[in-house]
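**Q** Provided herewith is a single structure, encoded as structure tokens, for subsequent inquiry.
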Amino acid sequence: MAIRFVTAGESHGPGLTAILEGIPAGLELRREEIDRDLARRQLGHGRGGRMKIERDQVRVSAGLRHGRTLGSPLALHVDNLDYRNWEERMNPWPVETAVEEVHLPRPGHADLPGLLKYGHSDVRNVLERASARETAARVAVGAVCRALLRELGVEVRSHVVQIGSVRAAVPEELAVEDFEGVDESPVRCLDEEAGAAMVAEIDRARKANESLGGVFEVRAWGLVPGLGSHVSWDSRLDGRLAQAIMSIQAMKGVAIGDAFDVAGRVGSQAHDEIFWSQERGYWRATNRAGGLEGGMTNGEPLIVRGAMKPLPTLTRPLRSVDVVTKEPAQALRERTDSCTVPAAGVVGEAMVAVVLADAYLEKFGGDHLDDLRGALEAYKKRIGWRR
Ligand SMILES: Cc1cc2nc3c(=O)[nH]c(=O)nc-3n(C[C@H](O)[C@H](O)[C@H](O)COP(=O)(O)O)c2cc1C
Ligand SMILES: C=C(O[C@@H]1CC(C(=O)O)=C[C@@H](OP(=O)(O)O)[C@H]1O)C(=O)O
């Protein structure tokens, strides 16, 4: 891997940290751009009380000087403002007062398997790290990768295509410009009518003490053909994207292009025929493959979807067992979101940006941004790529 990152931090601990390694020197980063992505992740109808407490902003403590990357690891931090309400319960150091343990694992969370695996008696020792609060750190990392990709002519966007039973109409072709107002929609949906129905569905679910999942779609434009490779299982870009999307909390499925729909079609309706013209070079009339063939980009826009399960913490808790007494009990009742598909889409963008930035650096290398750009231009020239 050309890019590596690791995050650390608990949901109600002092904050989140990400170390990102592999970004070349000379890349300009703007704090407002990273913060904008962090703020976008906090939005969306269906969020709980926590988002009223947090104001996610990045702090950079390494790898950056006067707004340009040094080629050394970047250290990115996002504070948990809620920590001040949890200081006793989440202090990294021993505290005077006794802190009550949580013994009621929630179905659908990491609680029970994490407790067994790590030998804890307090479910909080698992749930704090399993929480998707961690995705704030990923979005900061993704914003850096997105800045790099922009220098290479690549743009990444997302939108919500389903919440609960409501599905949006999605045009076959979408351009970057079509996404301009997407963050103004309360559910980050491009189809206004479906968006309103999604809001109503979330309100209904919340009133009924229910939660909802759904599907988001990430698209990327400006990719050169040949990122990733067909030669080995772990170099295939489709697999790497699937892993990145699946690593987001509550994701249960990934679709590339027409994916599950294509499985039910005949071959002649499943692929993207190849054409060539003097002015465009190679082109396709359809993009059923979502921009990937043989584990490589083919030059068409990338289309990846993620399917999210309904959030597992419920305000009318599911049945569980007290891990100390082994008596039947109701699962822990924590403050919770009721639907976070819009936020998950922003995290999906970040993860796709990481995978694409990694694929560019793997293929074109370079310690300085100019080296990377130079290698990319040489490649485009060799393959006669005109876009
Ligand atoms: C942005 C985001 C916010 C989330 N918020 C909640 C939440 O408030 N309540 C909840 O039960 N699950 C929430 N989740 C999902 C859980 O973190 C996730 O289901 C859990 O960690 C178990 O992991 P798994 O679903 O991948 O198996 C959220 C997920 C994301 C991506
Ligand atoms: C904190 C975030 O999401 C959290 C993810 C989460 C979970 O179980 O995943 C549970 C909730 O935590 P809390 O109990 O503190 O409200 C969400 O708010 C965030 O997205 O920044």
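Cβ from N, Cα, C; glycine included.
Not measured: the values here are computed from a predicted model.
From TrEMBL, here are the annotated features:
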BINDING   ARG41, ARG47  NADP(+) binding site
BINDING   ARG129, ALA130, SER131, GLN249, ALA250, GLY294, LYS309, PRO310, LEU311, PRO312, THR313, ARG335  FMN binding site
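Each of the listed features needs to be described in terms of its position in the shown structure.
**A** The Cβ of ARG41 (NADP(+) binding site) lies under 8 Å from the Cβ of ASP56, THR135, ALA136, VAL139, ALA343, VAL346, VAL347, each on the same chain and at least six residues away in sequence.
Every protein chain considered, the tally of other Cβ atoms within 10 Å of the Cβ of LEU311 (FMN binding site) stands at 23. A coil conformation is recorded for LEU311 (FMN binding site) in the three-state DSSP classification, outside any helix or strand.
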**Q** To the nearest whole angstrom, what is the C-alpha distance linking THR313 (FMN binding site) and ARG47 (NADP(+) binding site)?
**A** 13
**Q** Since the record lists ARG47, ARG129, LYS309 as binding-site residues, which of them has the fewest other Cβ atoms within 10 Å of its Cβ?
**A** LYS309
**Q** List the same-chain residues at least 6 positions away in sequence whose Cβ sits under 8 Å from the Cβ of ALA250 (FMN binding site), in sequence order, or say none.
**A** ALA132, GLY213, MET308, LYS309, LEU311, PRO312, THR340, ALA344
**Q** Among ARG47, ARG129, SER131, which binding-site residues lie by ligand 2, judged by Cβ under 6 Å to any atom?
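**A** Correct list: SER131.
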**Q** Taking 10 A as the limit, how many CB atoms besides its own sit near the CB of SER131 (FMN binding site)?
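**A** Summing over all protein chains shown, SER131 (FMN binding site) has 19 other Cβ atoms within 10 Å.
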**Q** Expressed to the nearest Å, what is the distance separating SER131 (FMN binding site) and ARG47 (NADP(+) binding site) at their Cα atoms?
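**A** That comes out at 14 Å between the alpha carbons.
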**Q** For the binding-site residues ARG41, ARG47, ARG129, ALA250, LEU311, which sit with their CB under 6 angstroms from an atom of ligand 1?
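**A** Result: ALA250, LEU311.
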